[in-house]
Amino acid sequence: MLTIGVLGLQGAVREHIRSIEACGSKGVVIKRPEQLDDIDGLILPGGESTTMRRLMDTYHFMEPLREFAAQGKPMFGTCAGLIILAKEIAGTDNAHLGLLNVVVERNSFGRQVDSFEADLTIKGLDEPFTGVFIRAPHILEAGEDVEVLCEHNGRIVAAKQGNFLGCSFHPELTDDHRVTELFVKMAEKHKQETAV
């Protein structure tokens, strides 16, 4: 069985686990770097990106996460997780993991009062998907090697590059698990390709 981890430092961890399990995979909360060895893919959940980065430093996650990515294992960043994955953050020189070749802007849809839901057309999904946006970032620029999966009002809100997937919204906060399933399929494909 495929095992997908959710970085359990803060954010909507339980909801992601529920969504992973609804897709028929095993969901594990990752609280220690050594747990990364036992999973096939990792979700970086929403939360607050600067707090998350501080916790990642405190618990010595940065280097193990880069090694995890270097092994080609899939990673999916949602909301603040997208900011953690991004190569560049607008208005600052301090990227976090710097893996997904995009420039993101934080809180670009406004503060918490501006949380909203929107029907999104996402590449790879037949029917619209309801995206829940909460203090969401968006992708200002995507590199040539990045596939844009979804735009909302002219702003990029989901993108994929190799084994990295990122989105501005919270796919785990609905009962529609198709976006999580896209990621599970990425992890499944990688596992099959690397099986000895």
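Each residue's number is its place along the chain shown, starting with 1.
Glycine is treated like the rest: Cβ placed from N, Cα and C.
The following features are taken from Swiss-Prot:
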| type | residues | note |
| --- | --- | --- |
| BINDING | Gly47, Glu48, Ser49, Arg106, Ile134, Arg135 | L-glutamine binding site |
| ACT_SITE | Cys79 | active site, nucleophile |
| ACT_SITE | His170 | active site, charge relay system |
| ACT_SITE | Glu172 | active site, charge relay system |
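Feature map: annotations from Swiss-Prot on the structure.
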residue	record	Cβ contacts under 8 Å, 6 or more apart
Glu48	L-glutamine binding site	Gln10, Ala80
Ser49	L-glutamine binding site	Ala80, Ile83, Ile84, His96, Arg106
Cys79	active site, nucleophile	Pro45, Gly46, Gly47, Ile134, Arg135, Ala136, Pro137, Cys167, Ser168, Phe169, His170
Most Cβ neighbours inside 10 Å, all chains, among the recorded positions Arg135, His170: His170
Beyond the site residues Gly47, Glu48, Ser49, Arg106, Ile134, Arg135: chain residues whose C-beta lies within 8 Å of the centroid, for L-glutamine: Gly46, Cys79, Ala80, Ile83, Asn107, Ala136, Pro137
Largest tally of Cβ atoms lying within 10 Å of a Cβ, found at which of the recorded positions Gly47, Arg106, Ile134, Glu172: Glu172
Taking residues Gly47, Glu48, Ser49, Arg106, Ile134, Arg135, which bind L-glutamine in the record, the widest Cα spacing (Å, whole number): 13
Structural state of Glu172 (active site, charge relay system), classified by DSSP into three states: helix
